[in-house]
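Data first, discussion second: the structure below is written as structure tokens.
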């Protein structure tokens, strides 16, 4: 417990934890103050995500290579998963899908691009493990193709097309999870020697004792889930107050909030010239959302959602995911980076953000 | 003749030749038993394709490098060509086009992916000639762009658009064949030193004497043509009986049947760590179908079809061909493979197969 | 002045300057002879573009590295810019957009492909600077994504969609210019050591004295502007007389005329085995048009056009620009070229030209 308090004292971001009780109090006292609730819930989620991430890594560090890798691979995007579950339970499928696509695009372009830029401003050139980047890009490309297909099938807009898209989505969800599992087998077992250096767990932070880590993991997950409920309820109305389109909110705002903790790790690694780690966090997180979180949400929608969710995304979102994946393939292809490579990825992200910002409401 | 009998005795696949007389008898006695005729014709085509392939290679081996390469390059997909001609004569243009697109996708994803996987299960890493893979991918990419354009032009759905698409298809057919010819000049003549190792003819089988090879080539082609007639007539109705969509049959079933012999060679080469050969067969076959077989079918449709055939494909098929080509570029880019690379290509193929399987009938 | 006369005497292309007074006389005497005016204006623009290019490089050579690079980077496509401005003033926005997209595609596929082919017919293999080709491809890819988005937004065809597309285009124009500026900072300043050899200014021609160069720059720009007015007025009607579609004229004819001078330099460098220079001219020019000329035209349309111009292109044009960019990425990826690589790029160009040639008028 002292360790946890020390961690909070040392890390300025964790001072934001003060927002957690405030947001709960506000949700009860002023449930209609959507803009305030939105800002408070964002301020509360960011430090909770940071704690969650540290706790996961601490448990992973104790359980050894393969099990730890597996744990990181499944719980690494717990924050995104919990936020999406809150939206799923509320039947906000458009928001769930926008946040999935947005998280893939944000991790692939913003987290990767900003890592390249921040690292590149300090170092003339930086090297990283190409094999790892290629594998993650390949998994992302697979997921992108899977997201493309249901939109193609459902083009006809008839009832039989919708049923076909739903059946296909279920099959694709199982296939993507199988692909993700085989990818873990490849990177953690059969060919792990070529992925050395891209290991998630080497963040350099001191791991917590296992008891503290497990307790934090459980407690903080509950807190994130509770704050997410408030976040999901307030985000759309707050967005209107700020003049943002729903697409912009789902794609950009939710993705930046959900990924804040990982971004902090990725950027700090880039500044320490450990670009392997930055690339691993950015692309690994994107492929995890595409091949693990999204399928899990489809399967869970049969249990907890008002109706089954399919994988049929807004065509514009699919195009953005596809272009983000191709951009990631392109910028990581040489295994070497300089500041301008980061600028390129960030500019693609800005083009998407600008497009979503001006999108007429009729188009989602 | 003894050699031919010995070949049949040694190769278990050739025992299937017994299906050839049975399918002819069945076609006369029970012409309405579509499902049985379909299964029998598949069983008959597979070993015939194997004989055809061996005969072509034997002739090629005798006629020396350049002429042999040319022969392999034109007759290498004789089975696919003969099946497509049977469909062309029957005016089944949708089936012809589906089988062309399906053969490209199946060779690029399934044959290549399964070769990588089968080889990768035995060897930790396998190397292959990048230059050859890059050239074939480039040819495939060219063909994909050519297939994209008529769909774009004909989008307007008017009579003038259809006429424009027809005129364009004729021009594209000539251009693709010219591209294919120049590609052969490049690989067999001017720059053949960089394509060493990816040679089709080195399958390690004992070549037959030229007389036997030529006689087999002629006789078996006639048999394949006759069985194909039965296959084309029965395939759609049999598919209904199995609950398959016509798109699934054309794309997946016909392509797997037509390419069975080459797949056997490619997989066996991969298991012998001769991945150059596997990649050469898979991508060479795909680019041959796209740049030689498809244009030949367009030109022949003016002579033997009920009306001229254009190159305007169902947009979904064009997207799949494009994604298959990009996948091939991606997985062959490094010149090195491991089992998971094969899994990636196979999973893309499975996504396409699943999509075609659930496709509502209205969408083709 | 003697130098200028000597230049004209030595270079056969410059004899075409005789067409300049003829086209002005003809425009006054026979203003209705559109076909003759079109041919004369083409004959007049080509040598003027050559002089403009030499003058720009002479000024650049005198002003030192960074300033010279900047000058070349902004004035290198002065001919294209002046022609487009003439079309902009006439309110011919479809022609302006077609000429922008056409110039990108023509430089990327025709200029690059013909350089590879011409060089490859003389040398077995040629090497070039991959880093430079990768950077230019990356910039082109960024611009392609920017061109894709307004078409996506404006898909709805409503008034609010058009307003959104216009607002977005303005933002994208600023973003692309910023990207272009940062790209120059990267190549001319912070990382110039890796771009050695791809320098535009080393064309091997003797630079003119600064006074002559500046005077030529000013005088010839005025002449190009005047001839462009005649060209823009006559081109569409002349095209009808030749049986060409407007899309073909804007995309192919205008682009070939506007880029003639640069093509001469790129081809001559390829024949001298200085492929770095050819690739730099071809891709550098394409990215300059996409990231500098196009945004400048959008911004200038607010000042001199009848109404603001957006970046919403005909979807077919966007697809062609995207495929041209991917082709450029693919053919320059290995840093090595042979004749067939050029054939591949030229064939993609021919597919586009054929498509535009048969395009039904209804589709633009």
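Each Cβ is built from the backbone N, Cα and C atoms, and glycine gets one as well.
Per TrEMBL, domain 'Sodium/calcium exchanger membrane region' is recorded for B:35-187 (among others).
Marked as domain 'Sodium/calcium exchanger membrane region' by TrEMBL: B:213-357 (among others).
The transmembrane segment annotation in TrEMBL covers B:12-30 (among others).
The feature transmembrane segment is assigned by TrEMBL to B:36-55 (among others).
The transmembrane segment annotation in TrEMBL covers B:67-88 (among others).
Look at TrEMBL and you will find B:100-118 (among others) tagged as transmembrane segment.
According to TrEMBL, the feature transmembrane segment maps to B:139-156 (among others). If one looks beyond the transmembrane segment (B:139-156) by at least 6 residues along the same chain, the residues whose Cβ comes under 8 Å of a Cβ in the stretch are 101, 104, 108, 162, 164-165, 168-169, 172, 175-176, 179-180, 183, 283, 286-287, 290-291, 294, 310-313, 315, 318, 321-322, 325, 328-329.
Panel annotation: around the transmembrane segment (B:168-188), residues 65-66, 69-70, 73, 132, 135, 139, 142-143, 146, 149-150, 153, 195, 287-288, 290-292, 294-296, 298-299, 308-312 of the same chain, lying at least six beyond its termini, place a Cβ under 8 Å from a Cβ of the stretch. Residues or ranges marked as transmembrane segment in TrEMBL: B:168-188 (among others).
Summarising the annotation, TrEMBL assigns transmembrane segment to B:208-227 (among others). Long-range neighbours of the transmembrane segment (B:208-227) within the same chain, counting only residues 6 or more positions beyond its ends whose Cβ lies under 8 Å from a Cβ of the stretch, are 1, 3-4, 20, 23-24, 41, 44-45, 48-49, 51-52, 54-56, 58-59, 62, 75, 78-79, 82-83, 85-86.
Using a Cβ-Cβ cut-off under 8 Å and counting only residues 6 or more beyond its ends in the same chain, the transmembrane segment (B:247-267) has close neighbours at 13, 42, 45-46, 49-50, 52-53, 76-77, 79-80, 83, 94-95, 97-99, 101-103, 105-107, 110-112, 114-115, 118, 203, 231, 235-236, 239, 277-278, 281-282, 285, 314, 316-317, 320, 352-353, 356-357, 359, 363-364. As annotated by TrEMBL, transmembrane segment applies to B:247-267 (among others).
Annotation comment: TrEMBL describes B:279-305 (among others) as transmembrane segment. Counting residues 6+ beyond its ends, the transmembrane segment (B:279-305) has Cβ neighbours under 8 Å at 73-74, 76-77, 80-81, 84-85, 88-89, 91, 93, 96, 100, 103-104, 107-108, 111-112, 115, 128-129, 132-133, 136-137, 139-140, 142-144, 147, 169-170, 172-174, 176-177, 179-180, 183, 198-200, 259, 262, 265-266, 269, 311, 321, 328, 332 in the same chain.
Under the heading transmembrane segment, TrEMBL lists B:311-331 (among others).
According to TrEMBL, the transmembrane segment annotation covers B:338-359 (among others).
Packing against the transmembrane segment (B:311-331) from elsewhere in the chain are residues 97-98, 101, 104-105, 108-109, 112-113, 116, 133-134, 136-137, 140-141, 143-144, 146-148, 150-151, 154, 165, 168-169, 172-173, 247, 251, 283, 286, 290, 294, 298, 337, 341, 344-345, 348-349, 352, 355, 359, 363-364: each is 6 or more residues past its ends and has a CB under 8 Å from a CB in it.
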